[in-house]
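These notes concern the structure reproduced below.
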């Protein structure tokens, strides 16, 4: 029988529910249990694919092409699993599916209501996520805060699950903030008490509290919360601020969180062996070197827009015993005249993805600086496309060369729209999304990065591609197409072989990086940057 764990939040948003859920998932996985995890987002968008990065942060793409919340990146990195489209559910997605069924007459003339139709659809998503992965345990995080009007149908569905599958198969974990008033010198439990009261008013009694705090919590405070919130005192778990996120699973294990969960759900599983994880954390805490990487992007005011890129760089740093000192460079600020001033102290330059015209000329100048000064450079998605544009302009002398996306009237459309995208008008969910194969050119830097594999599978999110009619001119000038689709139709990786490391990929390698298993192309880039710093 599948076990269901529901993680809710109270008092404030962005309290770290996703990290708590991911950490618990890692502990349960290391007990030998098969775990999956999903995120419920109460916003009305179908998915975050068309949302501004300033609003939402990065869009995380799964193997099967779902555009999802960035928390799924945390889930995959912590638990080391590949999630699917059932792992992210929004209000918009649920309502659109219910309305589509109503239009088809599938409700046989019934009045369609929040209860039971919306709540039933939500419960079906929970069960489908568990069944498609054949999991022993599914953890479901509900975005937002208890008391938000948007989350009411989600919480009602969670309440009903207890009756549907039995109380011994369901556990409710509530995460809250425990504020510390410096002037009074004490922690205040009242916000948590009121949050739990709100949750209980919706019919959900939490079985565990996870309290986010900046200071150590005395047992007396835990006992008080246990008494007023009707949970066992040992089930009041402290989640204190840490230097590195990957410390959190170990901190939760030290408080027997996973054992309490297993006892409640009657899961007979051995103790979690966290030896490898602990060794990784110890290494992360004691890195001996530092390497400066300049990240040239258009959304640098919100680092979450590049969350997976940053994490992938860190992972590759761990493998090289080096901390990554990130220098955030706004692409809008980079010009041919100041590129050396902005980028001259960087050991490596990364140009990640993005959409739209703004910042593209600055990215092109950053790529040009890297090429002309032989600074290790990694381009991702749009960064790969602009790498091709830069080469066309400044090496092949194709004045005005550009991407068709950015300048439809360009004489040299180096990057063109994919053939199967021409007649598509909708923006959402219509890109080339998900896992696709990439055939590597033997002897190339890309092939060497991937240990001379013939083919690698990586996740994509794009609508435009390199225009193949320009391939002969590029190749004649020494531009190497080191990764292509198996049918040789789509360019996946480009590079300049004579440079220390000048490689750009159409796909998003960062989405498959793990703290204990860094993505190979990122590792090759960071390794080259380290050598460049010596």
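Every residue gets a Cβ built from N, Cα and C, even glycine.
The active site, nucleophile annotation in Swiss-Prot covers 381 and rests on sequence analysis. In this view, residue 381 (active site, nucleophile) is surrounded by 21 other Cβ atoms within 10 Å of its Cβ, with every protein chain counted.
Residue environment of residue 508 (active site) contains 25 other Cβ atoms, counted within 10 Å of its Cβ in all protein chains. According to DSSP, residue 508 (active site) is assigned to coil rather than to any helix or strand. Residues or ranges marked as active site by Swiss-Prot on the basis of sequence analysis: 508 (among others).
Per Swiss-Prot, active site is recorded for 510 (among others). Within 10 Å of the C-beta of residue 510 (active site) we count 31 further C-beta atoms, all protein chains included.
Sequence-distant contacts (6 or more apart, same chain, Cβ under 8 Å) of residue 13 (CTP binding site) comprise 143, 144, 145. DSSP assigns residue 13 (CTP binding site) to coil in the three-state reduction, placing it in neither a helix nor a strand. Among the features that Swiss-Prot reports, CTP binding site is placed at 13, 148, 149, 150, 188, 189, 190, 191, 192, 193, 224.
Long-range neighbours of residue 192 (CTP binding site) (same chain, six or more residues apart, CB within less than 8 Å of its CB): 10, 11, 176, 177, 178, 209, 211, 225, 229. As annotated by Swiss-Prot, UTP binding site applies to 13, 188, 189, 190, 191, 192, 193, 224.
The ATP binding site annotation in Swiss-Prot covers 14, 15, 16, 17, 18, 19, 71, 240, 241, 242, and the record cites sequence analysis as its basis. Annotation for residue 16 (ATP binding site): spatial neighbours 175, 212, 239, criterion Cβ-Cβ under 8 Å with sequence separation of six or more.
Packing around residue 385 (L-glutamine binding site) is summarised by its Cβ count: 28 other Cβ atoms lie within 10 angstroms of its Cβ, all protein chains included. According to its DSSP assignment, residue 385 (L-glutamine binding site) is helical. Feature annotation from Swiss-Prot assigns L-glutamine binding site to 54, 354, 382, 383, 384, 385, 405, 463.
Taken from Swiss-Prot, the feature Mg(2+) binding site applies to 71, 141, supported by sequence analysis. Same-chain residues at least 6 positions away in sequence with a Cβ under 8 Å from that of residue 141 (Mg(2+) binding site) are, in sequence order, 7, 17, 18, 21, 37, 38, 39, 40, 71.
Residues annotated as domain 'Glutamine amidotransferase type-1' in Swiss-Prot, with sequence analysis given as evidence: 292-534.
If you look up Swiss-Prot, you'll see 1-267 marked as region 'Amidoligase domain'. Summarising model confidence by region, the region 'Amidoligase domain' (1-267) averages a pLDDT of 94.
Separating the Cα atoms of residue 14 (ATP binding site) and residue 463 (L-glutamine binding site) is a whole-number distance of 32 Å. Of all Cα pairs drawn from 13, 148, 149, 150, 188, 189, 190, 191, 192, 193, 224, which the record names as binding CTP, the longest spans 31 Å. Residues 54, 354, 382, 383, 384, 385, 405, 463 are recorded as binding L-glutamine; their most distant pair of Cα atoms lies 23 Å apart.
Residue 189 (UTP binding site) and residue 385 (L-glutamine binding site) have their C-alpha atoms 53 Å apart, to the nearest angstrom. In terms of C-alpha distance, the listed binding-site residues 54, 383, 385 place 54 closest to residue 241 (ATP binding site).
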